[in-house]
Amino acid sequence: MRMLNLNTVFSVRHRAACLRNDVPLALQARRHYKTTYGVTYPNKVSADSSVKPISKVMVANRGEIAIRVFRACTELGIRTVAVYSEQDTQHMHRQKADESYLVGKGLQPVDAYLNYPEIIAVAKEVGVDAIHPGYGFLSERSDFAQACIDAGIRFIGPSPTVVQQMGNKVAARKIAVASDVPVIPGTDHPITSFSEAREFVEQNGFPIIFKAAFGGGGRGMRFVNKMSELEDSFNRAVSEAEKAFGNGAMFVERYLEGPRHIEVQILGDKAGNLVHLYERDCSIQRRYQKVVELAPAFNLPITLRRMLADDALRIARHVGYQNAGTVEFLLDSQGRHYFIEVNSRLQVEHTITEQITGVDLVQSQIRLAEGYLLPELGLTQERIQVNGCAIQCRVTTEDPAHDFRPDTGRIEVFRSGEGMGIRLDSASAFAGAIVSPHYDSLLVKVISHAADMPSAARKMHRALQEFRIRGVKTNIPFLMNVITDDTFLHGTITTQFIDNNPQLFKLSPSQNRAGRLLQYLAEVMVNGPSTPLPTNLKPPYAEPALPTLPPGEFTPSGWRDLLLEKGPEEFAKAIRQNEGLLITDTTMRDAHQSLLATRVRTYDLARISPFVARRLNSLFSLENWGGATFDVALRFLHECPWERLRAMRERIPNIPFQMLLRGANGVGYTSYPDNVVKRFCELACFNGMDIFRVFDSMNYLPNMQLGIEAVGEAGGVIEAAMSYTGDVSDPERVTKYDLKYYLNLADELVKMGTHILCIKDMAGLLKPQAARILVGELRERYPDMPIHVHTHDTSGAGVAAMLAAAESGADIVDAAIDSMSGMTSQPSLGAIVTSLERTKLDTGIPMQHLNEYNDYWEQTRQLYAPFECTISMKSGDSSVYKHEIPGGQYTNLHFQAHSMGLGSQFSKVKERYIEANQMFGDLVKVTPSSKVVGDMAQFMVQNNLSAQDVEDRAEELSFPQSVIDMMRGVIGYPPGGFPEPLRSKIVRDQPIIEGRPGASLEPLDCEQLKRDLIEEHGSVTDEDVMSAAMYPKVTDDYLRFFKKYGPVDKLDTPNFLMGPRIADELKVTLEPGKTLHIKPLAVGDLKEETGEREVFMELNGQLRTILVKDKEALKEMHFHPKSREGVKGSVGSPMPGDVLEVRVKVGDQVAKGDPLIVISAMKMEMVVAATVDGEVRDVAVKSGMHVEGDDLLVEIQ
């Protein structure tokens, strides 16, 4: 339907010509419209020929409504004038007007728009002949309307008398009664004191509602249902009303529960003509502010629709209403309607009435103010018809996930939803706009129009889906839930719709992956790497070349296909029936743990995975998960280890995955409740893990039994591992770890139900002759049991040891690809394969494919140059047979000694390691027991202690906590226990744990942990819960990091570690078919006032700017402290605003939920409550202070 726009094509030039020729402008415009559009108007201008054209309109308002009026004026050929506060200097409404003038200099932001003497003075000075008040601010102030008239300026709205009558809810109520329109019980005059409110309650009871007597829009409105809340609610309502309308007087009425809120749009002229433009349903409200509006009202009986319209016109006729207005009603569940108020102004939701009727309400207001009559404008009741349905959604900068907390800041990205049937009314909706804390949070009004309500809802949903707003949070996810809700689409909506439908708050938040990644890259560009780089070596900015694979090539079958088909038992039998030697490739975990500090990222592992699946399918397994990778992935690489497992499983469906499980310690460094270990194994299997190498750092069988049971119950393949130490080939060596020990240990593991028996030689102590003896004896004792041997190549004899093991009956050995092998890593995969070619143990792995695989890892290893072990370690070390330091730990200790300038003392560290091990009773040294021995060795070196010194002074020394915990039995017991009296001297009066440590632990409440994580971080997975169960703080930090910076695992390694170089373009593939093109342009100078730098980038060809705090510069600057992230007792400001009231002082005891601080922002007051029970230790703000988001308010101990 075409809007009735009187001057749509009536040009300014034609208008000027009419004025020069003394032809009445309005008459010429009307004739022009008639000849152009065929609309018939009477030739007579008006009944008394008193039309006075308006040539210049000021809008005494801001934001989208000011722009809406400017557009209407421009179409009518009328010049426009804006006023703006100091805070709105950069606001769009100022730029949309022909002229704009500053008002309210030195005043508070809202007060500037309430300062009507200055506004009128500016209007007179610049020749304004009419003022449009918009909505809010001065729009319902009768004194303002009168002041305009007194100054000789037309007020585009009702007469001052009507504004006064309608703006006073008590007076309006009396008019309704006089007009024979039903009303709700309430006060018959405005009240200003709490005693009056209490008196009303005593007479009428609860529930009640406070309403601002001189304004609307939900400001100054409070529902109260308890006497204990009455005074505080009254004070808050008065305070809000004073700020919004300049008058805090209240109207009190009984609260009607669960009504519909229906309003009728009316227009009136000076001759007494009145029309209605049908009704709008505004029932979807929150805190008495409308969220979604519909026109016409859905499921409204036709008789009731007529009654509402008739009553609205009856009230308007009673007061001689002129111009636009809205009469509002509540409908109870019986269909009875009650008058509540008249808004003597344009409403925010006027747009949907315009859409269904085709009437431009703003232009109609202006024409009525000029003196036109409704019939002259073609606005007679019979001509006003409803065409279809329209819906308006108010997109605000509020966070529905946090009680609609207002958000402020700069809009980094703005992309709107548009298209057929969509209208957008906005002001600050553009990239770069600053959302101020001083005004309403409305960002853009989205209006959909279609033939019927379901169609309009579908258009609205599509438009909301298209929006991309970054930099500030919005309520769009909530609006989308409303628009698709079944009750909204098919039921009857009441004002309790939001409260009664908690599913509306099950939000699907925007991913904003691109924006978060840009923030990360900018952060690294300004502040350096996010993960500590231990050396000054830098990775090359080059992506390793991948071996070529034909597109669409079929993935051949592998050992996993057999496992999935037959199950673990038959899988184990098939291993024994295999003729050649099987290989587990450790490149993807243990190799880089030993050589590159476990820093290899999922990005580089996933890239080579398709090649492994297609060309190395004969591998027995890939050791790619568990152990230190779990901790490091979360802590340093900022990526999810579970996602790594899923990503690799998707790309390698045919080769079994293998992991390290530290028995009762899971993938952590301490004991956990039994249900945690079992749940971990379930989730690992579910996400793609197959073989679990179960071990214990002391070969403590009770710990191993729990792990074995957990894997068996989860359906995984059990590979029970004997951690090897000592030397079974040396008959003269006195040790408890002799051949008999290992054979007895193997007996117990076989009884526990292992599918595969493993020798885990974590330090590389298994000499070739020892391998022959131990493997030979095990093979003879267990001819049907698969044997798997793992070693490290620290001594350089790893290949020889593995060949000896294979010749003695081992079925599987561990090896790493050549470029990732040797020293503290595993033996060379290529060397083992070539050594066995054309023998009965031939592995069947083509060397050509291994060479291609090796080329990739040779290039990839260079990307991790900052973590390269060869910086300090140039060769293997045969003295490992003496000190017995495990491979990965040897690398770490060696690097630490050199980085601290103690490289020359590393031999002393090794000596002390030997002594510490003997003091503890000769341990099997593997994580976490090896870490304890290492901690003790470093403690001895740092304090210049010998073993004798430690034993002599044990009662007075402050031992490392890890040593104390081990001696208490926290990680289990070695064969023969810990030596006395040293143990007692170290433990002192701390409790001893007898038996398996985890046996005494209460089961973890995983559901409660999940609820806690959801409360803290929003949506989490079961895998996140399990990560938090084992690494609480590390997981918490990771989830915070991910929320802020997004999927950084999608970045290539040089850009992740070092950040991008200026002008280099990088591509980031988020998922198949979604690729970001990012190009850094520049890093700006330091902003002295904020300590920030602006980073300029292009994202998919569009300019983006990111503000980053310069951490180095901030050390020299002073700002208000921020609340401590993750500390519940550290209470920060939920939004920028002004502190109105401080309700606590230092030393006060508070309970969770008690009010602490009252903050005002966006014309709304918010009470900040205590987050925990405790004592107030610090109050960081005072009344009147301005605070930014997350500024510290109160610290609670």
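Counting begins at 1 with the first residue displayed.
Backbone N, Cα and C define each Cβ position, glycine as well.
These features come from TrEMBL:
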ACT_SITE  Arg345  active site
BINDING   Lys169, Glu253  ATP binding site
BINDING   Asp590, Lys760, His790, His792  Mn(2+) binding site
DOMAIN    53-503  domain 'Biotin carboxylation'
DOMAIN    173-370  domain 'ATP-grasp'
DOMAIN    581-851  domain 'Pyruvate carboxyltransferase'
DOMAIN    1122-1197  domain 'Lipoyl-binding'
MOD_RES   Lys760  N6-carboxylysine
MOD_RES   Lys1163  N6-biotinyllysine
Within 10 Å of each Cβ, count the other Cβ atoms and name the one among the binding-site residues His790, His792 with the highest count.
-> His792
For Mn(2+), what surrounds Asp590, Lys760, His790, His792 with a Cβ no more than 8 Å from their Cβ centroid?
-> Thr586, Asp761, Met762, Thr791, Asp814, Gln826, Gly887
Cβ neighbour count within 10 Å, max among the binding-site residues Glu253, Asp590, goes to Asp590
Quick note, Glu253 (ATP binding site) and His792 (Mn(2+) binding site): C-alpha atoms separated, nearest Å, by 81
Pairwise CA distance, Lys169 (ATP binding site) versus His792 (Mn(2+) binding site), rounded so that it is a whole Å = 85
If you measure Lys760 (Mn(2+) binding site) to Arg345 (active site) at Cα, how many Å is it?
-> 82
DSSP says what for the domain 'Lipoyl-binding' (1122-1197): how many helix, strand, coil residues?
-> 0 helix, 39 strand, 37 coil
Around the Cβ of Lys169 (ATP binding site), other Cβ atoms found within 10 Å total 26
Comparing local Cβ density (other Cβ atoms within 10 Å) for the recorded positions Arg345, Lys760 points to Arg345
Cα-nearest neighbour of Arg345 (active site) within the listed binding-site residues, Asp590, His790, His792 = Asp590
